[in-house]
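*Asks:* Annotated substrate binding site per TrEMBL: Ile14, Gln15, Gly16, Arg29, Ser80, in sequence order. Summarising the annotation, TrEMBL assigns domain 'Radical SAM core' to 20-239. Sequence annotations record features per position, and here TrEMBL assigns [4Fe-4S] cluster binding site to Cys33, Cys37, Cys40. The S-adenosyl-L-methionine binding site annotation in TrEMBL covers Trp39, Cys40, Asp41, Gly82, Ser126, Pro127, Lys128. Positions annotated as Mg(2+) binding site by TrEMBL: Ser42.
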Amino acid sequence: MSKLPVLEIFGPTIQGEGMVIGRKTMFVRTAGCDYRCSWCDSAFTWDGSAKDEIRKMSADDIFNELKELGGTRFNHVTISGGNPALLAGMDALVEQLHDHSIEVALETQGSKWQDWMGNIDDLTISPKPPSSMMKTDFGKLDAIINELRSQDRVEKHTSLKVVVFNDEDFEYAVHVHERYPDVPFFLQVGNDDTSTADDDNLTRDLLNKYEWLINKTMEDARMNNVRVLPQLHTFVWGNSRGV
Ligand SMILES: C[S@@+](CC[C@H](N)C(=O)[O-])C[C@H]1O[C@@H](n2cnc3c(N)ncnc32)[C@H](O)[C@@H]1O
Ligand SMILES: Nc1nc2[nH]cc(C(=O)O)c2c(=O)[nH]1
Ligand code: SF4
Ligand SMILES: [Mg+2]
């Protein structure tokens, strides 16, 4: 059985972002990413700083640890990273969770497709705006969205989520929404201080940014069918890891 590089398993907590915000969930965070976003809040998954914490785990190992931590107090697991879509061997974990009536969410940036992504219950695709310094391969993203459309996964099981730091990012978000108008769309506030431990300052700053993003959306006729969200977990736990 193939082994997966795992950096964190935690929960139960709440899903702090996107299409199932507020949902009670466990998290599995894999190591490794094909991107290097300038503002990545999980850079430890790819910058080498946590390389000693990476564990090679089978689907069984991961399932057992989820059960040890969460017992019977969960029925939803979110797989994030890093980019879990780098890992072909994730299919076994998704199947095992489904066999136990546990729903599965995935966070990925839309740069890679794996066949098991067609079985994800809550699939968040988060293409990266200019402030990240990454370049979206729209040919790749088109192919992924078309694959999901052909499997009838778009309406109920998929969403797009774009993090916005500035006006240019907002225009990028408009472009993505207009390119895939049938995919439920979320705007997310960017956190530009992912290392501060001053939660009061961070919260005030993020609330102001949320208000800015709301106002921009309210004024824009191209963005009538979107949802605007903060990262809810940062309001409760700041920049802490494993929550
Ligand atoms: C850490 S990423 C891991 C999954 C995948 N690599 C991705 O980017 O979608 C999870 C989510 O956090 C978002 N994110 C990362 N850094 C952020 C920041 N500084 N502020 C707001 N959202 C951020 C990403 O855009 C993504 O939607
Ligand atoms: N509570 C909580 N919600 C989240 N939603 C997306 C997360 C991620 O890092 O992918 C995340 C996370 O790390 N924690
Ligand atoms: S794609 Fe996701 S994990 Fe990778 S660098 Fe960007 S935000 Fe971080
Ligand atoms: Mg996060």
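Placement of Cβ uses the backbone N, Cα and C atoms for every residue, glycine included.
Bear in mind that TrEMBL entries carry predicted annotations, made automatically and left uncurated.
I'd like to know what surrounds each of these features in this structure.
*Replies:* Around the Cβ of Ser80 (substrate binding site), the number of neighbouring Cβ atoms within 10 Å comes to 21.
DSSP assigns Cys37 ([4Fe-4S] cluster binding site) to coil in the three-state reduction, placing it in neither a helix nor a strand.
For Pro127 (S-adenosyl-L-methionine binding site), the same-chain residues that are 6 or more apart in sequence and have a Cβ closer than 8 Å to its Cβ are Gln109, Gly110, Thr136, Leu141, Leu160, Val162, Val176.
Around the Cβ of Ser42 (Mg(2+) binding site), 19 further Cβ atoms fall within 10 Å across all displayed protein chains.
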*Asks:* Counting Cβ atoms within 10 Å across all protein chains shown, which of the binding-site residues Gly16, Gly82 comes out on top?
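*Replies:* Buried the deepest by this measure is Gly82.
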*Asks:* Based on a Cβ-to-ligand 2 distance below 6 Å, what subset of the binding-site residues Gly16, Asp41, Ser80 would you report?
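*Replies:* Passing the 6 Å Cβ check against ligand 2: Gly16, Ser80.
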*Asks:* Which binding-site residues of Ile14, Cys40, Asp41, Lys128 contact ligand 1 in the sense of C-beta under 6 Å?
*Replies:* Cys40, Asp41
